[in-house]
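Undergrad: Pasting a structure here, questions to come.
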Amino acid sequence: MLVPWRGDWNPRSKSPGQEEERHVRANDRDYNERFSYADNHIKTAKYNVFTFLPINLFEQFQRFANAYFLVLLILQLIPEISSLSWFTTIVPLVLVLAITAVKDATDDYFRHKSDQQVNTRQSQVLIKGKLQNEKWMNVRVGDIIKLENNQFVAADLLLLSSSEPYGLCYIETAELDGETNLKVRQALTVTSDLGDDVAKLADFNGEVICEPPNNKLDKFTGTLFWKDNKYPLDNEKMLLRGCVLRNTEWCFGLVIFAGLQTKLMQNCGRTKFKRTSIDKLMNTLVLWIFGFLICMGIILAIGNTIWEQKVGSNFWEYLQWKELTISAVFSGFLTFWSYVIILNTVVPISLYVSVEVLRLGHSYFINWDRRMYYSRKATPAEARTTTLNEELGQVEFIFSDKTGTLTQNIMVFNKCSINGKTYGTLKTPCVDFSFNPLMDRKFRFHDSSLVEAIKLEEPLVQEFFRLLALCHTIMPEERNEGELVYQAQSPDEGALVTAARNFGFVFRSRTPETITLYEMGQAVTYQLLAILDFNNVRKRMSVIVRNPKGQLKLYSKGADTILFDRLDPSNEELMFTTSEHLNEFAGEGLRTLALAYKDLDEDVFDEWMKKLLFASTALENREEKLGALYEEIEQGMMLLGATAIEDKLQEGVPETIACLTLANIKIWVLTGDKLETAMNIGYSCNMLRDDMNEVFIISGHTMVEMALNVRFVCCYLKAHALEADLEQILVDVACLCKTVICCRVTPLQKALVVELIKRHKRAVTLAIGDGANDVSMIKTAHIGVGISGQEGMQAVLASDYSFAQFRYLQRLLLVHGRWSYHRMCNFLCYFFYKNFAFTLVHFWYGFLCGFSAQTVYDQWFITLFNIVYTSLPVLAMGLFDQVSLYSLRYPNLYRPGQLNQLFNKRKFFTCTLQGVCTSFILFFIPYGAFMSAVRDDGAHISDQQAFAVTIATSLVIVVSAQIGLDTNYWTAVNHFFIWGSLAVYFAILFAMHSDGIFTIFPNQFPFIGTARNSLNQKIVWLVILLTTVVCIMPMVAVRFIKADLYPTHTDKGPQEQNFRRVRRTSSRRSAYAFAHQQGYGELITSGKNMKIPTASTSTYPLSSPARGNSVVKNSVVSGTTDAAETNSTGFRRESDQNQEVTVEDLEAR
């Protein structure tokens, strides 16, 4: 499903007090400071030295569990209700707070370093008539800044002047939109005259009134007031923070927005605190457990009240009480709080410590994964957060950018069809282009027959490459003799001209009037008469040239569906053959263009030029009239052939998408490209396949039109498709589709699409991108992934995970994500089980001890159980357990995480029920056995401490056996931790009951010899064995029966998945054109972007200042340029003394 959005719908409304418009006066800090505009200081850190401790503690105690344990600690300090020492709670609480604080401090330290690095960059600021070096953070709104080549733009600037003609400058916007092509900006004429004269710039006192700060990267509206005149301002006169000045020696700019109010920072959105679904569930479960704890406390408190009334009075004379010192009700009240303290381990604070340790370990596994290390750029995968690892195993929707994420943004000339013959289909060794001294050494082609045709001087083959070398808007830069660098408006054009260059038709230089080629080593200059520019309606571009022989030629290239309708009827057979070739090319996902030419008659051309001159000066319907004239001359063309360009995907993209699709993950591509490009990439990536139904384009706004139940739908929706009344319909239709590609999407709309799915589907979403235009989407999704490519680092800095190649995503999700989810779920199930089994023994004991809040275990066992005796085995399971070693081979094993099957409310109740049953068995089997049991010497065995040691030992052995059953993948670490924990338990047990420890701490360890006196009795070990078997065997039986009757995906055995790439055989061709916006014929033919040559070489940019697309420089070999007559249509009329009507005459009229 492809969804192109149009329009500027933005749900954000202005908040009260937000500025309505901005007033900025140049070189007047006192005036500008009255408005309290933001300075250029960037702060992403949360703390400083003084605020860290109070703020961090405040944040930590906002977590319910931490606040709960703090309250418990306070209760334990009250002697009337506490039967446990305060250290049983304060030790783990301080440990949790300390670990979290260290982690937060470390993260914030790196934020401080990043902020410091940016804020201390140097910039030249005009202060008091002099240029001074200032740190970025000291720049203010209204300052004038000087930028030099290859410098980052410090703030959002209004361009005042530059080293280039007409106040032009060239910028790279990779940090903003991920595009590496250069773009042009042009200063107002009145300010460009200021040049680099510091005195004039210091006297400049213009005032700008403009829009308030916003996140629209492609729009700016304002007015400059200077010398009693008004000058309109738009986005083409702005240099935005994050851009890099390129191919321009210097420029000066006026700061309009600074710091957090720049468009880059506004577009980044707020950093949202992300929590996993397991975190949210745990918060709910903790509340339920707390409620359960309160219920147990109430039951035991009521029992105490009744016991005091019925039984307690019988003990008064033993206590020598004449009357009850406190009422039974008040005794029950105190007992309630006592049991809340005793049973608090049902919500263990060590759970949160263990969860943080597991997440940290899982993050390091991602960082250390060599299979996610990109050796070409020495870039490892990086987990930039430690809180979302298990969420990686539950992803249902992936939202991906296209350029730089799926593709390399590199176009490769792959195949072509010339006069009915295809080239490039037979794979031969790489063609040797050594015959051409001006070749591009990086170019590769694997069909030597095409070179042979060139050398044999086949006319149509030569005409084919001549067309590619002439029909374009590329500007070359010749840095050294023969060292050509093409800077193109689009990568497609660059690939085509580079192909012509290598096959002997080298585009060397251009002026507004001429194009110079080197054809098989010979310099040939063509007179450029007109450029019939590209736009989205025409989907083609043409040039009219006069060759050295005086012949007039029209060369055209464009979408085959457009050009074929304008061919001469004599081309019918060739058109049929070429169409078959185009189908083959399109079937391989290549981007295709058709090429045609036409010989023009001199008289016809002169007459057409006269019409064009009049149309170009029409005050009404100028564009329509020009389009009609273009259409007139582009009829009756002769077909030359077609080109096939590969939009080079990143390695492994189709296989990755196929694998993730088999894992039932829905992949949506959100791109700013046009429909044809998006569809082409869809086929290349294997997202669109011919086993789907034919692609439909639906343009509509009503429910009836949108609710079409088709297997694959290509929807063409307007901006208000995101409005509330159509949101649900859009989601329903999109989710019925196997593939969704949203084109023409702005950065904000990317985030809105993600938010739409989050809100309506309540599914885990992942967004992946590589540019600043993807930051909003990355921050909105549950999980954000940044590609650390060549388009800047903004996406990486905003992401939760980063790596260098899209193909690593399948390993991140299917291996690390799936394992993290399984490990965390098994860990939580086991943890709740063992703590219920451990804690509820006190509950059963309460019915036999007069509800006196007496503990079964001694205090040291209670303190050490979760911290020492059982912590390492469960951590080993949570870190090293593996449920399947073939996660990539069998993607369907990912399904349980999406269905949230391994840890949910039902699983929680199952685990707690098992824990309750285990606690019951742990208490009553020893209790029943000791009722009549005797020692080997005939003495009674059932003293309270021997009973406690027996239950504690049984508990440790039972939970160790249970974790052995829960472990799927045994390692040496698991063995060491499980057996080591048992050994440590017995070592500490005998040590605490030894004579030596009693001698040192008589008050803390009073029970001398209890352990050795109990555990040397056979009856005790028989009780321990019986208890263990009764606790474990039912679970073994249940699991065996469940695996047989209700097998999981793993139990069934994974099914082999077929990753075979489906070849595209559809007759639908890409119809790819050259750019998303109007072309740049006007700027080229006007000569405004070209310096007056003073030597053998000079530089020329490409792009029109009226549009923000690719911009480059050009070298010319010729010396001077004629004063050509040009106009806004992008054509140049020939110098003709007999011409009756000139442009000047028309303008005078």
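In case you wondered, yes, glycine gets a Cβ from its N, Cα and C as well.
Not my notes, these are from TrEMBL:
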{"type": "REGION", "residues": "1-25", "note": "region 'Disordered'"}
{"type": "TRANSMEM", "residues": "61-78", "note": "transmembrane segment"}
{"type": "TRANSMEM", "residues": "84-102", "note": "transmembrane segment"}
{"type": "TRANSMEM", "residues": "285-307", "note": "transmembrane segment"}
{"type": "TRANSMEM", "residues": "327-353", "note": "transmembrane segment"}
{"type": "BINDING", "residues": "Asp401, Lys402, Thr403, Glu493, Phe534, Lys557, Arg591, Thr671, Gly672, Asp673, Arg744, Lys750, Asn773, Asp774", "note": "ATP binding site"}
{"type": "ACT_SITE", "residues": "Asp401", "note": "active site, 4-aspartylphosphate intermediate"}
{"type": "BINDING", "residues": "Asp401, Thr403, Asp770, Asp774", "note": "Mg(2+) binding site"}
{"type": "DOMAIN", "residues": "796-1048", "note": "domain 'P-type ATPase C-terminal'"}
{"type": "TRANSMEM", "residues": "827-847", "note": "transmembrane segment"}
{"type": "TRANSMEM", "residues": "867-888", "note": "transmembrane segment"}
{"type": "TRANSMEM", "residues": "908-934", "note": "transmembrane segment"}
{"type": "TRANSMEM", "residues": "946-965", "note": "transmembrane segment"}
{"type": "TRANSMEM", "residues": "977-999", "note": "transmembrane segment"}
{"type": "TRANSMEM", "residues": "1019-1041", "note": "transmembrane segment"}
{"type": "REGION", "residues": "1117-1149", "note": "region 'Disordered'"}
{"type": "COMPBIAS", "residues": "1119-1130", "note": "compositional bias 'Polar residues'"}
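Could you place the listed features in the three-dimensional structure?
TA: Distant neighbours of the transmembrane segment (327-353): 63, 65-66, 68-69, 72, 75-76, 78, 80-84, 89, 92-93, 95-96, 99, 286, 289-290, 292-294, 296-298, 300-302, 304-306, 308-309, 312, 831, 835-836, 838-840, 842-843, 846, 851-853, 855, 862, 865-867, 871; these residues of the same chain sit at least 6 beyond its ends, with a Cβ under 8 Å from one of its Cβ atoms.
Cβ-based neighbour count (10 Å, all protein chains) for Phe534 (ATP binding site) stands at 27.
Within its own chain, the transmembrane segment (827-847) is flanked in space by residues 278, 282, 285, 296, 300, 303, 339, 342-343, 345-348, 351, 354-355, 358, 853-857, 865-866, 870, 874, 877-878, 902-903, 907-908, 910-912, 914-916, 918-920, 922-924, 951, 955, 958-959, 962-963, 966, which lie at least six positions past its ends and keep a Cβ under 8 Å from the stretch.
Sequence-distant contacts of the transmembrane segment (867-888) (same chain, at least 6 residues past either end, Cβ-Cβ under 8 Å): 91-92, 350, 354, 357-358, 361-362, 659, 810-811, 814-815, 818-819, 822-824, 826-827, 830-831, 834, 861, 894, 956, 959-960, 963, 966-969, 971, 973-974, 977-978, 980-981, 984-985, 988, 1050, 1054.
Sequence-remote contacts of a segment are chain residues at least 6 beyond its ends whose Cβ falls under 8 Å from one of its Cβ atoms, and for the transmembrane segment (908-934) they are 285, 829-830, 832-841, 843-845, 848, 856, 940-942, 946-947, 950-951, 954-955, 958, 1019, 1022-1023, 1026-1027, 1030-1031, 1035.
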Undergrad: Per residue, counting other C-beta atoms within 10 angstroms of the C-beta, which of the binding-site residues Asp401, Asp770 reaches the highest number?
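TA: Compared across Asp401, Asp770, the most Cβ atoms within 10 Å surround Asp770.
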Undergrad: Could you tell me the mean pLDDT the prediction assigns to the domain 'P-type ATPase C-terminal' (796-1048)?
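TA: Mean per-residue confidence for the domain 'P-type ATPase C-terminal' (796-1048): 88 out of 100.
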Undergrad: Of Thr403, Asn773, the binding-site residues given in the record, which has the fewest other CB atoms within 10 A of its CB?
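TA: Per-residue Cβ counts within 10 Å for the binding-site residues Thr403, Asn773 bottom out at Thr403.
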Undergrad: If you measure Asp401 (ATP binding site) to Asp774 (Mg(2+) binding site) at Cα, how many Å is it?
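TA: Distance (Cα to Cα, whole Å): 7 Å.
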Undergrad: Mind giving me a neighbour count for Asp774 (Mg(2+) binding site)? Other Cβ atoms within 10 Å of its Cβ, every protein chain shown.
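TA: Excluding its own Cβ, the number within 10 Å is 32.
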Undergrad: Select one residue from Arg591, Arg744: among these binding-site residues, choose the one with the most other Cβ atoms within 10 Å of its Cβ.
TA: Arg591
Undergrad: Please report how many Å separate the Cα atom of Asp774 (Mg(2+) binding site) from that of Gly672 (ATP binding site), as a whole number.
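TA: With distance taken Cα to Cα, Gly672 (ATP binding site) is 11 Å from Asp774 (Mg(2+) binding site).
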Undergrad: Hey, which bits of the same chain come close to the transmembrane segment (1019-1041), Cβ under 8 Å, at least six residues off its ends?
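TA: Apart from its flanks, the transmembrane segment (1019-1041) reaches 914, 918, 921-922, 925-926, 929-930, 933-935, 941, 946, 950, 953-954, 957-958, 961-962, 965.
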